[in-house]
Each structure stands twice: as structure tokens, then as C-alpha cells.
Amino acid sequence: MGILKRLEVPHEQGLTNRELFLTNEDLSPVPPEKRTWRSINFVAFWIADSFNINTWMIVSSMVQSKLSWWQAWICVWIGYGVVAPFIVLNARPGAKFHVTFPVVARTSFGLYGSLWCTFNRGAMACIWYGVQASIGGTCVLVMLRAMWPGVNDIPNHLPASSGTTTKDFMCFFLFWLISLPAIWFPIHQIRHLFTLKAIVAPTAGITFFIWCIVKAKGIGPIMSQPSQIHGSELAWEMVISLMSCISNMATLVTNAPDFASRAKSPSAALLPQLISVPLTFSVVSFIGIVVSSSSQTIFGEAIWSPIDLLGRFLDDAPSGGTRFGVWFISASFIIAQLGTNISANSISAGCDLTALLPRYINIRRGGYVAAIVGICMLPWNLLKDSNSFTSYLSAYSVFLSSIAGVMITEYYVVRKGHYRVSDLYHSGKDEWYYYTLGINFRAYAAYIAGILINVVGFAGATGRNVPIAATRIYDMSFFTGFGVSSLIYWCLNRVFPVIGAASSFDEVDVSEEDDRHSEAVSQDLADNDDIKVYKA
């Protein structure tokens, strides 16, 4: 048996090479025994996902941009409240037909055209895996400092060109190692990690919240600080702020079917997500605002990173009680970062890479590929110039929103809930999703249009001089990308209708209906044959 044969993942026997390019166990519809996610699991998932350092930093950037705390908090409520329906809408086909994002993308972009979408999402997941692991490494450093203060004195043996130090790399590598066992578990079991994080992380966050208020003897001056901008400048700053919340969720909007495919029933992925997303992220953001406000009273300056603030606690008064408190909170943040990295990056990368090479990669192997890429890309170097890095990452929401616009329009407007699941795994020319050589050029035209409307504005975000109108369009890039791609896709399908376009909405697997019809016809023919024999 050859090496390549040994590397193949489990799959149905008797498949042709072409079929092996389209399916394996992780790409097939999730069987009933693995549909274990109930409503409470989706609530726990979003509680777990919201408690991470990135959520704190987003709201901090709003207050630093001269909004008052309550204006920033309104932006958080609106931003996450607006993005929640997009998550639910795109999750629906996954919850109904139990297929993941790469398979759902085939319905709109085509069997082979969907590969570009999955590559985009997979590459982004690998990059973010490394970035989040790097942030997790800072949590490990603070935790170790609380346990052994001598960690701070570890000599550096790495050259300046490496972009890191021996101490920082050691902590990054420890977090990276801690993450590896979590990647092993399948999606339907990893829900227990999110349940653990949903208990530990909020407990630590509330503890940190109370601790800071007690140390500051109040909530600090930021809570009474008025807005420093007014008029149209204030309005556009609030638009930019709420759009930063939406852009932060663009990846999870796109791959929403990944987790929804494990839903025990479609309703489990509906209201729990619609309510949990704005509520959990708003509560965490409020805690972040108050903690940072308190830090200004304690240290004379606002410290917006919770990890930096914990480090200052150790520098200021490293008593036994302080060290234990810092240890508990930083350890909880490690669990928080781990849960976020698994949910938003490892599993997403696994699902996407599975679709790119299903014969050899499954979700578990794809997760480990993301981990390897995450360490090889030296993520600490990306974080050196945080403004530039953030600009390029936010630009990715344009690509992802254009993909989501096509996918949602395909499901709700073009085919109106009608699926032909069997055709998602076969490349015959008469199949619904074969389109033209496996590519739906209508979808690509719409996708490119959604990107093009934001190109000039993106150039402005990188420092070039562009018209103010282009900047304003880019400020709302998620909506402009989504709206343009959705509209163009609808128009093209009106002019060039696709097979299976429906006139009324009905969530049904047409292939199952056809199978039942064929069985009924066969039974009728058999009954007629029996009658003829009886009469004879």
C-alpha cells in the first residue's frame, strides 16, 4: 500500500476519483447522532466567543477615538445587533440540511467555483489562528509572572531580527502546545469546551470588573467624560465604530453553517444566536469600558488592554493576594483565548481545508494545518505595526461580505430554500450545482462587483489620497459589499435563470422528494404487474 493511500481519510468505498474530490465524512451531511448542539450550546458558544481580549480592544478604540462611553456602548449594541440576523440567515441552510460552509458555498458558486471562497476563508483562519495564539501567549506570560516573578528576568537569546524575545516566544509556544489537544475533538464534542469557557471567562471578567472598581474607589473619570466630537464628525465616527463590530464578525457570518450543521433542530440555531450575539458582546464591552476607566484613576492613564493592566498590577503591588488574583484572571483569559481560537479559527480552517483536499484532509487534520501555519508565519511580526495590520484585516470583511451576500441571496431569493443535496457531491453536467464547468459565473460577477465598489476606499485606508465619497463607502464596506453582490446576483439570475429556481419559499431537499417519487412510481408499477398476473 502506497504512502498516499495510507494518508487518505476515511470515505465511502467505491467512489471515483472525481467524487473523492468532492466528499469525505466531514463534508457529507452530518448524521443524526452528531447533531448534538441544542439551544443552550449556541448560547454558551456566544458567551464563550464574546469573552476575549479582541472584544475589549474594539470598544477601547471607540473611546480613544473621542466618543463618550455611552456613545461607544450604543455602537456596540447596534453593531452586534445588526450583524446577528446575518449570522442567523447564513446559518439556516447548515441547520436545515446539516452541511458545512464549503458545501453551502457550492450551491451559489458551483462545485469547483466554491474552492476560491473556501481558500479565502481558510487562509484567513490560519492567519488569525497565529495572531490569536500570539495574544494568548501574552496571557501565559502574565500568568507565569504571577506564579514565578523570576520569569520576567529570563535572559534573551534571540536576535533582534527575530521580532521576539526568548521569554515571549516561550509563552507563545506554551499556548500553542496547550491548544493542540483541543483541536483533536470533533465539533459535536467540542461544545463542552465552550460550556467551560462560558462559566470560567465571565466569572473572571466580573471578578476583574469588581476588583478594578474597588481599587479605584469608583468607576473612574472615563464614565463621566463627554464626547469630544460633534455633528457630522460624531455621526461618521459612530458609523465607523459600529462597522468595526460588524467587521469583527464577518468571518463568523460567512462560516455560520459550520456550527449550525451540528444543530439538533433548525430552531436551536435561530433565536439563541439572534439574542445571544448582541447581549453577550455588549456586556463584555461594558466591562471593558469600566475596567479601563478605573485604570485611569489607579495609574493616572487609561490602560485599554486587560493583559497590560494585569501586568501593571504585578508591577505596582505584587502581594500574595494580587498575584493570586492576577493568576486566576490571566488563566481564565488563556481559556478564553483558547476557546476563541478553536471556534473562530481552528474549526473554520479545518472545514475549509477539508473542501480543498477532501481525499487527504478532514476537519481535525485541517485544524492542525492551521496550527502549523500559525506558528510558521511568525505572528508577532504582524502585530508590530498594529494599525496597518488591522487595516488589511478589516479589508477582508469586504471579500467575506461579498461572499455572504451571494450565498444568502441564493438561498432565500433565487432557489427559495430548495436544495438538492445529492447534487452537492456529484459533478454531472445535469446536476443543479455544476453550472458551467463547475463554476457559477453569475456568482463571481456579483462577488467581484461587491469588492470593486470598495477598492478605492480601501486604498484610502492604506494612506492614499482618495475622494471623501469613496472613504464613506468603505466605512460601510460590509453593507456595500453585501448589498452590491446581493443585488447583482439577483439581477443576473433574473436574466439568466438557473436550474431549480423556485417561485415560492419552501425549505426542502428536492433530491429526497425525487427519491420518494421514484419509489412511489416503482411501487405503482409493481402493483400493476401484480394485478396483471392475478388476472391472468
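Using the three backbone atoms N, Cα and C, a Cβ is placed for every residue, glycine included.
Fair warning: this is a prediction, and the values are worked out from it, not measured in the lab.
Quick look at what TrEMBL lists:
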type     : residues : note
TRANSMEM : 42-63    : transmembrane segment
TRANSMEM : 69-90    : transmembrane segment
TRANSMEM : 127-148  : transmembrane segment
TRANSMEM : 169-187  : transmembrane segment
TRANSMEM : 193-214  : transmembrane segment
TRANSMEM : 234-253  : transmembrane segment
TRANSMEM : 273-291  : transmembrane segment
TRANSMEM : 366-383  : transmembrane segment
TRANSMEM : 395-414  : transmembrane segment
TRANSMEM : 434-461  : transmembrane segment
TRANSMEM : 473-492  : transmembrane segment
Ranking 42-63, 69-90, 193-214, 273-291, 473-492 by Cβ pairs under 8 Å to the transmembrane segment (395-414) puts first 473-492
Same-chain residue ranges lying at least 6 outside the transmembrane segment (366-383) that approach it to Cβ under 8 Å | 122, 125-127, 129-131, 133-134, 162-164, 168, 172-173, 176, 179-180, 183, 342, 345-347, 349-354, 389
Stretch with greatest number of CB pairs under 8 Å, the transmembrane segment (69-90) reference, 193-214, 273-291, 473-492 candidates = 273-291
Which stretch from 169-187, 234-253, 273-291 shares the most C-beta pairs under 8 Å with the transmembrane segment (193-214)?
-> 273-291
Long-range Cβ neighbours of the transmembrane segment (42-63) (under 8 Å; 6 or more residues past either end) | 69, 71-73, 75-76, 132, 135, 139, 191, 193-195, 197-198, 201-202, 205, 222, 241, 244-245, 248, 252, 259, 263, 268-269, 272-273, 276-277, 280-281, 283-285, 287-289, 291-292, 302, 304-307, 333, 336-337, 339-340, 343-344
